Amino acid sequence: MSAIDASMFELFREEVKTHTDTLGAGLVAVESRPSDPALLEELMRAAHSIKGAARIVNIDTAVRLAHVMEDALVAAQHGQIRLTSANIDVLLRGSDILAGLARLMPDTVTTWEAENTAAVTALEPLLVAIAKGEAGKNPSPTPPLSGEGLQAKDDIMPSIAGFSPPSFLGKGAGGLSSSDNPSPTPPQNGEGLNTEDNSAPVLSSAPPSFLGKGVGGLGSSLFPPVPMFEPIAIPTEPIALQADHSMFDLFREEAREYLQAIANAVPRLPTDPTAAESILEALKQLRGAARLVKCVSIADATTAVSEFIRASREAKKPFSPPALDWTRYALAELAGVLATDNDTFPEWVETSRPALATIADTFKQAAKEQSRPTPPSPLPEGKGVENTPSPTPPLSGEGLNTEDGSAPPSFLGKGAGGLGSSSPFPSGRGDGGVGSSPPPPPAETVVRVSANSLNRLMGLAGESLVQARWLPSFSTALLKLKKHHDLLATMLDTAYHAANSGMPPDQLANLISDTRRQWVACRQELGEKTSDFDDHAARAEDLNARLYREVIASRMRPFGDGVHGFPRMVRDMARTLGKEVRLVIAGETTEVDRDILEKLESPLSHLIRNAIDHGMESPNVRAAANKPTAGTITLEARHRAGMLLVSVSDDGAGVDLTKLRKKIVERGLNAADMVAKLTEAELLEFLFLPGFSTAASVTEFSGRGVGLDVVQDTIRKVGGNVRITTTRGAGTTFHLQLPLTLSVIRAVVIDVAGEPYAFPHTRIDRLIRVRRDEVRSLEHRQFVTVDGQNVGLVMAAQLLDMPAPPPAEAEVPVVLLSDGTGEYGLIVDSFRGEQDLVVRPLDTRLGKVPNLSAAAILDDGSPVLIVDVEDLFRSMDQFIQTGSLVRCDTRPADSGHKKRVLVVDDSITVREVERQLLLHKGYEVAIAVDGMDGWNKVRAEPYDLLVSDIDMPRMNGLQLVQAVRADERLRDMPIIIVSYKEREEDRIRGLEVGANAYLTKGSFHDNRFIEAVTDLIGVADV
């Protein structure tokens, strides 16, 4: 392919994506409407446009395929043939191959053509036969396709056969066992680039020959060569699990999917920026799964690989061939877990530990090296480093072409691994070649904007220019007005001096009359200019509003643009499961922000799969229930009250709440008596918990406990929420509420420690003000009762690492926030109000700032930070678990006295110990010898704290606490019970009657007693 402008290629990719989306959705629709002329016209035009675009960028393989697809669609359009399901399958395969063009970069076109030439060659006669109406006369099995972009059979991950393996991937491996005859060296002529049986690629034991042991290359003093590794195949089919599967079974099945995703992305690392993101996400999920089964070695290895990829991406350094080889080696080692079972898994963990530790250490060191700036080369350009020569494959690709024209391995690119390579990994070579040229800068992202929108923007820009030109003339008019005012001032001075100097009255009257006329003229002129300026301000505000709305509108896309692939997905999945399902999409023209639409694809895919697998009954079951055999899933999008509402509904069986209650109890998530009292909405919230699934068995589509938690997490990240409604026997609906755009948010501005912070409006439940005396304490925590529910209070200043606020005023401002686990109250300084804020990302050099997500500018021009509410919840949990919450001081700031404590105990020894401890800290202490004595004293004098024993004569401690809590004047007094009783039931009983803290008398020796006192009433001196 001849050189082409990067921005032009980006346009090509965008066009291909649009048209392949049209093909994918339209071909599925044709199955039910085979004679629809408008639909066939649209499909023919899509294939024709792809052919033309591919011809412009000289991708001949794509031109050939699009051409024969167009011929078949033209024949259908003219009524010469009627497309059958088998015909549509072939056309969909062609569409899948063409969809791979949308992921290409200019320098990967040759590789794409080499990988897909065989697939296109196999499809061409089938499509020609369809166009001639000869398909099916001599039926033959459709040859397997290895073209990039083909969907995997399980339709969950792209097939690992969707790319040509590099030369060290052995051929013909289809199972979990290793190759019978591993080759000691990699094939040199392209042999093995494609597997004969189209099975999953095998990670061969033979690394490239230049990575042999002891070969000295650049960096070999820091890193060892890649070890030899055994071939392991990653199966494309789900691992079969028994009904009594264990956590290890689930882990292996999860690992298969994630390793397959990594294997697909590794060859694209040097050229495709999205490949790194795919690998990082898969490694993150694999790391989490490994930690669940306590496999630390896998977790450490995946963490190290992630650190290296992230460091390389942030440093904007290319992924060198040695880095790719080590990544493949790590993948091979990790894939060994797939060949284990429950009995051999522990043994594999032990035997693989050294290799995984080596991988972890190597990648950690590589990440550190990759983060350092690349020093300038001390050698003259073109000079290499001479080493002992060793047999190496040619590095320029010479002699690597296979007989069928397939491309050489991607890691043997031109100039790879030479002196210029900045990889921290060893090249293992001694070729001393000239350094490779730096990679071209990434192409700028291209966004499609309609011609009408661009014309409107141009018109508004012209209006803005006209408005700006009005200002100079207005400025000139104001200068003229200023001169008139200066003249008026001079005339007034003259009249004043004239009056004082005895000027004749008639002359003075004339002078005053002239001055008054000048004043009237100035006032009239000022009024006119003021009116002109008000008109200009109104026009400018209107223009700015229209310009802003148009810019926002230019970022919007029809909802239908993001759901083109769903009809195909529903068709294929329903076929696999033996169900009849129809997808109805409503609101396709609803405008959605581009960023939100992209982020919606994954959660909507999860929900639709969930509806097909869990919600939809089989045709015979539906018929028995007097339902149509074909179920209906409705996907709808609409605007309401400034929000985007998306719903996914099915007319299936609905959620079995009885079964759900049983599952919750079986999983130990709640006690049976509590579960029985939960409302329907509360029960359905359990479906969003990570790892929770109601499926009886693990299949290729469900049962792993991943899906709805991902949906909720994704929706929350964009400032939305999701809820479920269900009717048994009638179906289930998922309601998604999202902002219309991510570039502007409605926010509530709040002061914390004197600084403004913005909370997204959609994440706030309520804003309330709480009286100081309504704030209660229990076990070192504070709470307030709202609508009959206890809501824990947390200081916003502590979460945001700001200075402690002054003592509370008469009322405490509280922001109520909630997540899936409960509700929290955030204590702030004050509420400012609501504003629409234009979101501005924080500087990437800051990394992830805890508890903050972005920034904005307020109406007065001052900056404000936008709070990351999800991060706040995590911070709250950490403070709560560590017991380090700062308490809100609810006492008056000007009380002006030492805090007084009443100690009630019938033991003189205990009383004296407590008294001395409190006196030493500066508190005033009063003594009561039993419960009745304490009751009399606490009513007679004011105290800040009551400390009481339990077992006492006349009135025991529990009775004393109950009496205090029943007294309207005393009920808010903090109370600590100190007793010898250490049983849990005694502690619970003490807290239930109203004590704020329950301690044993052993707390005198480890400071817990004084800490509890300080937590409840603060230090002695106010």
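Every residue gets a Cβ built from N, Cα and C, even glycine.
Automated prediction, rather than curation, is the source of TrEMBL annotations.
The feature compositional bias 'Polar residues' is assigned by TrEMBL to 191-202.
Residues annotated as domain 'Histidine kinase' in TrEMBL: 599-742.
Sequence annotations record features per position, and here TrEMBL assigns domain 'CheW-like' to 744-878. Looking only at the domain 'CheW-like' (744-878), the predicted model's pLDDT averages out at 83.
Residues or ranges marked as phosphohistidine in TrEMBL: His48. Classification of His48 (phosphohistidine) by DSSP places it within a helix. On its own chain, His48 (phosphohistidine) has Ala66, Glu70 as residues at least 6 apart in sequence with a Cβ closer than 8 Å to its own Cβ.
The 4-aspartylphosphate annotation in TrEMBL covers Asp949. Shown in sequence order, Val904, Asp905, Asp906, Ser907, Val910, Gly957, Ile977, Val978, Ser979 are the residues of the chain, 6+ apart in sequence, with a C-beta less than 8 angstroms from the C-beta of Asp949 (4-aspartylphosphate). DSSP assigns Asp949 (4-aspartylphosphate) to coil, not to a helix or a strand.
Sequence annotations record features per position, and here TrEMBL assigns region 'Disordered' to 171-206 (among others).
TrEMBL lists 364-446 (among others) with the feature region 'Disordered'.
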Practice task
For the domain 'CheW-like' (744-878), give the DSSP counts of helix residues, strand residues and coil residues.
Solution key: 23 helix, 73 strand, 39 coil
